Amino acid sequence: MGQTVTTPLSLTLQHWGDVQRIASNQSVDVKKRRWVTFCSAEWPTFNVGWPQDGTFNLGIISQVKSRVFCPGPHGHPDQVPYIVTWEALAYDPPPWVKPFVSPKPPPLPTAPVLPPGPSAQPPSRSALYPALTPSIKSKPPKPQVLPDSGGPLIDLLTEDPPPYGAQPSSSARENNEEEAATTSEVSPPSPMVSRLRGRRDPPAADSTTSQAFPLRMGGDGQLQYWPFSSSDLYNWKNNNPSFSEDPGKLTALIESVLITHQPTWDDCQQLLGTLLTGEEKQRVLLEARKAVRGNDGRPTQLPNEVNAAFPLERPDWGYTTTEGRNHLVLYRQLLLAGLQNAGRSPTNLAKVKGITQGPNESPSAFLERLKEAYRRYTPYDPEDPGQETNVSMSFIWQSAPDIGRKLERLEDLKSKTLGDLVREAEKIFNKRETPEEREERIRREIEEKEERRRAEDEQRERERDRRRHREMSKLLATVVIGQRQDRQGGERRRPQLDKDQCAYCKEKGHWAKDCPKKPRGPRGPRPQTSLLTLGDXGGQGQEPPPEPRITLKVGGQPVTFLVDTGAQHSVLTQNPGPLSDKSAWVQGATGGKRYRWTTDRKVHLATGKVTHSFLHVPDCPYPLLGRDLLTKLKAQIHFEGSGAQVVGPMGQPLQVLTLNIEDEYRLHETSKEPDVPLGSTWLSDFPQAWAETGGMGLAVRQAPLIIPLKATSTPVSIKQYPMSQEARLGIKPHIQRLLDQGILVPCQSPWNTPLLPVKKPGTNDYRPVQDLREVNKRVEDIHPTVPNPYNLLSGLPPSHQWYTVLDLKDAFFCLRLHPTSQPLFAFEWRDPEMGISGQLTWTRLPQGFKNSPTLFDEALHRDLADFRIQHPDLILLQYVDDLLLAATSEQDCQRGTRALLQTLGNLGYRASAKKAQICQKQVKYLGYLLKEGQRWLTEARKETVMGQPTPKTPRQLREFLGTAGFCRLWIPGFAEMAAPLYPLTKTGTLFNWGPDQQKAYQEIKQALLTAPALGLPDLTKPFELFVDEKQGYAKGVLTQKLGPWRRPVAYLSKKLDPVAAGWPPCLRMVAAIAVLTKDAGKLTMGQPLVILAPHAVEALVKQPPDRWLSNARMTHYQAMLLDTDRVQFGPVVALNPATLLPLPEKEAPHDCLEILAETHGTRPDLTDQPIPDADYTWYTDGGSFLQEGQRRAGAAVTTETEVIWGGVLPAGTSAQRAELIALTQALKMAEGKKLNVYTDSRYAFATAHVHGEIYRRRGLLTSEGREIKNKNEILALLKALFLPKRLSIIHCPGHQKGNSAEARGNRMADQAAREAAMKAVLETSTLLIEDSTPYTPPHFHYTETDLKRLRELGATYNQTKGYWVLQGKPVMPDQSVFELLDSLHRLTHLSPQKMKALLDREESPYYMLNRDRTIQYVTETCTACAQVNASKAKIGAGVRVRGHRPGTHWEVDFTEVKPGLYGYKYLLVFVDTFSGWVEAFPTKRETAKVVSKKLLEDIFPRFGMPQVLGSDNGPAFASQVSQSVADLLGIDWKLHCAYRPQSSGQVERMNRTIKETLTKLTLASGTRDWVLLLPLALYRARNTPGPHGLTPYEILYGAPPPLVNFHDPEMSKLTNSPSLQAHLQALQAVQQEVWKPLAAAYQDQLDQPVIPHPFRVGDAVWVRRHQTKNLEPRWKGPYTVLLTTPTALKVDGISAWIHAAHVKAATTPPAGTAWKVQRSQNPLKIRLTRGAP
């Protein structure tokens, strides 16, 4: 089955030298690449039967040659040498071609489908297929193909195909049957036959037809059928890739099988069913049916032809006939085409881009893989010369980085071929360094880098030491010298020694260490100066200070201080932690310098607690213990013979401990010995269970974890943060330990996250913490199943009072990571001493990963499942790595602990022996103290809360509330206590700590000190919940019966939401019960709950009042509280406010429904029924409506016939607010009377009866906590409800049409409110502004014009006050009005209408003279408004000038068409203004050269030279080239106004028509080639009737549009054209009957008068900016008009004509308002004045 298939194309490529020789004999030259392209891709598209593998059939070659030599644009002259050479190969075949050429091939049809009939010819195909052609009567001698020896029929080791003879037709075979029988010779069977197809008969030696397997000639001369063997199908299936993996390889296999075996239709189905899946087979069959061609050689979709050529069901083809075999041959060809089409992958350039060169891959192998990717994932042929550039670029960019960089730097890269690039890449590849050389180079670079860094560090250290000693040596010289003299017993400084002088005996010639007089005995013990002295060294690399010195612990680290009574402040030399912002100057012998203080949050313990802050002086040689700390310690310095001793006031040695505030609670923990100490027995019996004896754990039953990533995740690489030397040295031992244990391993990963060194509090030890936040974002989220500590202890019954607590050490490291997930957690680490410089990653589950707790918790639960089953009497609680084992007796606890330790050891987990609490009755677990079935708060946690200082910032307050909130279960009413504190925690709120906050702060601390013990929930007993409510806070206690007593389980408290807090007390109790029941469910775990409260709320829940509760809230409460299986209500009890437990004495219960009914309304006697003996019966109404764009509102109180009160309300008042005002006014006017008031407003009615009381109790807040609308009006209404003696507010329908009293009164009130809204002044006394005497200047200056105007208006003069009065107001003079309004407008820049409305709404105390005229003048003369405001001027339409005959006047324009296929992005459109005829040309550029070219080459030859051309001011038209061409040709080129498309309206409208038509055509045809569809769009434009009912075609040619039926079979009748004389007569008629009337009509339009614009020469105008930026005025100017036309004008300063629609008039102040210059008394000053208009 491994035979290679030989085709004519492959045969020519194998003998390419002979092919070139034959081509040279034909005087042509051929190239191998183009030879393959033409044969496999080009010639099969000619539809003449040329196969992709080539053929030597002369008939097909002749047809291809005729297509190649076709004259005109359809020919292919570049293919002539190749088809001529191929024809020469067929006519004069060389020896290697002769076996594949028929002696005399008959002419072949153009289509592969054979017509029926005995004389039908077979379809053309490759010569390797059996040539089923009729034999020639004069049969030539049989060629000697095979040797006479009995060799195999087909040699499987050679590539040459077997010879095939000619196949005779059916009729010829019948006529020559006898001759063939007599002349046939039978050859001996081949030994290879059995190897090929099993038991097959040898073929007839003299047979004239070839054998088409599996059809064989039997002994009686009949064809027999031989199916595929199962071994063949099995080998083909298993030894080849699937169709989806490599479609090309499987297609080649099936093609070879179709050629060599000649299967029938059934065999083909069997072959496809074996090698392909169902979906692949369906796709192949569908593609094969698409390849069926009709009689015209084109693909067909006719069902009959498709089913005939490629049937889906078994056909009745007779394989013994020529017609049946031809059908079968065609079926195989179509099947092969379907395989090829179905195997084509969709274009995916990303796959090609993903092919990169491997580290050790040669460039040649990489290029082959790249080409294969091009063939598989793109439709491009990588061997095509046109694709060589793309392949070359991909080869460069996707090569190895070192090769790619060097290839990019090649000189003259554009001229390099792909072969040149491969050769250069091979040179670079061969010169690469070996892996050993690369490792050696990297090692040398690392060593050099480390050596440089080490030298730099040493140099920097030496410089720092030198500078420090130089600056501070003189500072302490006196102290050091004096102390040395004290030790030596003298007061003089010892003399200077020579270089060779002994310091002991003062003799020369030796040193002190070699002095013979120096005693050699053992050194005596040093005197102890402190109990906490751990050594003499004061710091790393520092000599101990001289005596007297004392060693103290600072932050857990021993520091040796020099006692310096001359130092005012104590000094630390090394970084003690965080430094404060305070600093101080230190004056020394060498000068002064500023140093910082440490923070004062340090607690020191010696004789007492003190707080101290050190001075941080890193340049000081030794730490100093100054007078400040000596004073606080009450230290005593005694001078003895051995030196100075520093002790406390009682004579004891001093000891000082410094630690952080968060670890302070550990000081208060009592170190109590456990009842059963963890001795050597537990350690020795279970060595594998303890981390101290068993080493690092490993969960043996857990498979390595695979961490799934999100679908869109990509690797993240974050560089390592800079790390100090101290931190690096601190975490180095931990990294080394983890590397030795195999938990960390070196790696190379695209992922990288930084490592953070975290300093352990109280020590100098660091631990490594990895920042995995970015990795956590890219990992899939899993649901967290870690238990909730809040209710975890609910599963611990009080009967189990013996406990064992185990803490698993390094728990996460017990779980392994899968190798595929390990690169996610890589980080950088460099350690030159260990030879590590790169990345490390975790092989175990790391800490800091978001899913680590859940994964470990689930794994440990699975591993401990068997232990729980085997020990059902024990309780095992697990919170991640903290285990709690509880038992009823000590023996059961010890037995269970042993079993648990054995299980943990076997499973591979390790517990910490230091933290273990084994078999005790009192243990600490999760921050609680468990003892005797109860849980307590630990004293350490209480002390932590008590020791916190008073908060000074919101953050400190949040920390306090968080710490105290952990203990809220022990504090009754915690929510109510902390209520004053929570508002200060919000961001943006002023932190104002007052007495209320201090009181709450102290109450919480006091409650915490008196916190009781809480019993553990017993899930076998029912729970009781006592609930109380006070001022919107729900409080409760959850209890369980313990004998005759109730033992508290938890104290619950919560604040109610704003809606529930505004309810009556009984309903607030319902809300409180619902809130606390939900919280208690977390502890009761669904057990029965009995609710006891001082209210009978069960009846309220069953029948809640609909006026207070919404439906959603009512349903929620009923579903929670009426679940009788879980919740039951107990009797009504009175609770103790302190303990929330029932009181001994019982109070009389109250009726909640009755109390609730009483609280529904604000006024008890308020009713909605008329009062019979009422004093007044009034009707109220309020209205709000829009009038002239302004909302007007009014309100009224009326009877049936008269208006009691009415008034206008401020503009913008809503109808609801107006109704409230009207009702409130009626109540005020009926004070002390009996009143019936009718209103048609449901809003006002419900507010008075129901909602008002609800709003008041709620604090006038909505359910979201926001202030309600109309708050002031609602408050006024609630206050006015109590004014009448008796009151009835009745609701009546609005807009009634009846004649009842209600209808008449409602209509009267509605009409009165509407009339009141139209008034200008509000008359209601409740909303009147108190009248006040307006401020009057000392005097008003009235001009003569003002006085004349005042007399005309009838004003009176007030002699007392000295001003004129009109309408009861002082009159402001015209000049003062101008100054006031001008200032107001400059502040607001409002329009005249808005300024009038503003002045009308804000009632002025003055009467402004000529106000409206002054407002108009001020706004019109404002320069800023003129430059910004839009213009409302409307310019009349002009008249467009048209030509008097076709071709004389054209409009031209460019329009852009996207997408720009083939480089065509623009369309140049010409429109004849006379006829509307359009010419459009696609162009690639928008230039003047293109315009001139189309004008001279297209417009001029067809229509003559235009007289006028119109266009916009585009660069292609306004350029010097276009204008010069127009001048030379005598064309009057008119450039239209800029930014005025209406000026070129005809061509602009045609642009839109053409683009709309192209859009429709592209949608209908499915193509994006608009250039191809442009003729159809032009046809539509030219044959569309215009405004006069004629199409441009009719105007131009004088004939109707050529609308014909293109599908009419009698279309030939329309081809008879009339004579030339008839055409001329028709044109003459058109000129007389069409052109002249059109020209006259156009002239009439020009003669009609056009309304000109109002601008004249000399006017000042503003010109519009067509392109404005941010904060830039819309208009520029003003400019002076120089010239005008009916539609345009030219201004001074702008060269182009401007359309009249783009300008607006500029108002200039009259001469009287110009600025005037006046002299003043000061000669250096002048006065500028301007009068009013």
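Glycine is treated like the rest: Cβ placed from N, Cα and C.
Features of the protein shown, as given by Swiss-Prot:
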BINDING   ASP807, ASP881, ASP882  Mg(2+) 1 binding site
BINDING   ASP1181, GLU1219, ASP1240  Mg(2+) 3 binding site
COILED    436-476  coiled coil
MOTIF     128-132  motif 'LYPX(n)L motif'
Hey, of the binding-site residues listed (ASP807, ASP1181, GLU1219), which one tops the CB count within 10 A?
ASP1181
Across all the protein chains here, work out how many other Cβ atoms are within 10 Å of the Cβ of ASP882 (Mg(2+) 1 binding site).
17
Among the binding-site residues listed here (ASP1181, GLU1219, ASP1240), which has the Cα closest to the Cα of ASP881 (Mg(2+) 1 binding site)?
GLU1219
Listed in sequence order, residues with CB under 8 A of ASP1240 (Mg(2+) 3 binding site) and six or more positions away:
ASP1181, HIS1291, CYS1292, PRO1293, GLY1294, HIS1295, ASN1306, ASP1310
If you draw a 10 Å sphere around the Cβ of ASP881 (Mg(2+) 1 binding site), how many other Cβ atoms fall inside it, taking every protein chain shown into account?
20
8 Å Cβ shell about ASP807, ASP881, ASP882 centroid, Mg(2+) 1 site members excluded:
LEU806, LEU808, ALA811, TYR879, VAL880, LEU883, LYS915
What average pLDDT is reported by the model for the coiled coil (436-476)?
77
Inter-residue Cα distance where the pair is GLU1219 (Mg(2+) 3 binding site) and ASP882 (Mg(2+) 1 binding site), in Å:
67
Within the same chain, and leaving aside ASP1181, GLU1219, ASP1240, name every residue whose CB is within 8 angstroms of the centroid of the CB atoms belonging to the recorded Mg(2+) 3 site, in sequence order.
THR1180, GLY1182, GLY1183, ALA1218, ALA1222, THR1239, SER1241, ALA1244, GLY1294, ASN1306, ALA1309, ASP1310, ALA1313
Which three-state DSSP class does ASP882 (Mg(2+) 1 binding site) fall into?
strand
Cα-Cα separation of GLU1219 (Mg(2+) 3 binding site) and ASP807 (Mg(2+) 1 binding site), in Å?
72
Could you say whether, by DSSP, ASP807 (Mg(2+) 1 binding site) belongs to a helix, a strand or a coil region?
strand
Let me know the DSSP-derived helix, strand or coil state of ASP1181 (Mg(2+) 3 binding site), please.
strand
Under DSSP, is ASP1240 (Mg(2+) 3 binding site) helix, strand or coil?
coil
